[in-house]
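Asker: Got a structure for you, questions after.
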Amino acid sequence: MKFGIVARRDREEALKLAYRVYDFLKVNNYEVYVDEEAYIHFPHFSSEDVLSLKKMDVDMIIAIGGDGTVLRVEHNTSKDIPILAVNMGTLGFLAEIEPAETFFAISRILEGDYFIDERMKIRVFVEDVSIPDALNDVVILTSIPGKVTHLKYYVDGELAEDIRADGLIISTPTGSTAYALSAGGPLVDPRLHAILLVPLAPVALTARPLVVPDCSSIEIEVLTEREIVLTVDGQFYTQLPSNLKIRVEKSPRKTKFVRFSERIYPKYTLKIKKKF
């Protein structure tokens, strides 16, 4: 079994734990590779085991950090590699274990005592050109703070809403605990097959969040005369011209998480309570 290790670059504790995991697996004769950015910030790994995320061809990646670390892995690996997420962030909605549980969890993995939780992603096309898939959300924002943008969005060809707002969040169930929740969107069980549409600070009180089936094709018309900003999972940003069409649909790819329990609650809701 081949492992990749990725760590949060700005926390020494995460880098030190990454090294301990690396050393444990090497001593037990497993093939292990380390993200080159972790090596730059903590150059104690063997240089021959250092790879960029894009070049990692492994059976599992151990991501030590917050949700941002997990999203960085997702956006920089070319294959759907299972991820064991170790929480060294603020809340760790995507994490399966805490740092103290790391080596027990690895022992269970080596014994085959785990399962894979697949999460849907969404794909966005700008004028039919695809950009990176999103595990959490795609966000369309006004490029000038304090200025609203005018959007129309259609679900399967039918007009769903015509809004003037700061923007629009298109989210997966996984992303319902992220930006969409802070913007007043619903908390959605990650096992549901759905896509969320959450207006950001709409002018009209009638513009409410909408949940549609994940088989839906969503088209957004940008009618404002100024540029907009489009973000994917907070990892990819681009400025786009006015008067264009954006299409969002379910991606054929999925994110795979290593899990040890099929129980969703109460851990899921406890993290929400901790957030607020």
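Glycine too: its Cβ is placed from the backbone N, Cα and C atoms.
So Swiss-Prot has the following annotated:
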ACT_SITE  Asp67  active site, proton acceptor
BINDING   67-68, Arg72, 136-137, Lys147, Arg164, Asp166, 177-182, Ala201, Gln235  NAD(+) binding site
Asker: How many Å separate the Cα atoms of Arg164 (NAD(+) binding site) and Asp67 (active site, proton acceptor)?
Answerer: 31
Asker: Return one of helix, strand or coil for Asp137 (NAD(+) binding site), based on DSSP.
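Answerer: The three-state answer is strand.
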Asker: Between Ala201 (NAD(+) binding site) and Asp67 (active site, proton acceptor), how far is it from one CA atom to the other, in Å?
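Answerer: That separation, Cα to Cα, works out to 25 Å.
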Asker: Distance between Thr177 (NAD(+) binding site) and Asp67 (active site, proton acceptor) at the Cα atoms, whole Å?
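Answerer: Counting only the Cα atoms, the answer is 11 Å.
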Asker: Across all chains shown, how many C-beta atoms besides its own are within 10 angstroms of the C-beta of Thr177 (NAD(+) binding site)?
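Answerer: Result for Thr177 (NAD(+) binding site): 23 other Cβ atoms within 10 Å.
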Asker: Rounded to a whole angstrom, what is the C-alpha distance between Tyr179 (NAD(+) binding site) and Asp67 (active site, proton acceptor)?
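Answerer: Checking the Cα atoms of Tyr179 (NAD(+) binding site) and Asp67 (active site, proton acceptor) gives a distance of 13 Å.
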Asker: My understanding is the cutoff is Cβ-Cβ under 8 Å with a sequence separation of 6 or more in the same chain; which residues meet that for Asp137 (NAD(+) binding site)?
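Answerer: For Asp137 (NAD(+) binding site), the qualifying residues are Ile122, Ile169, Ile170, Ser171, Thr172, Gly175, Ala178, Tyr179, Ala180, Val232, Asp233.
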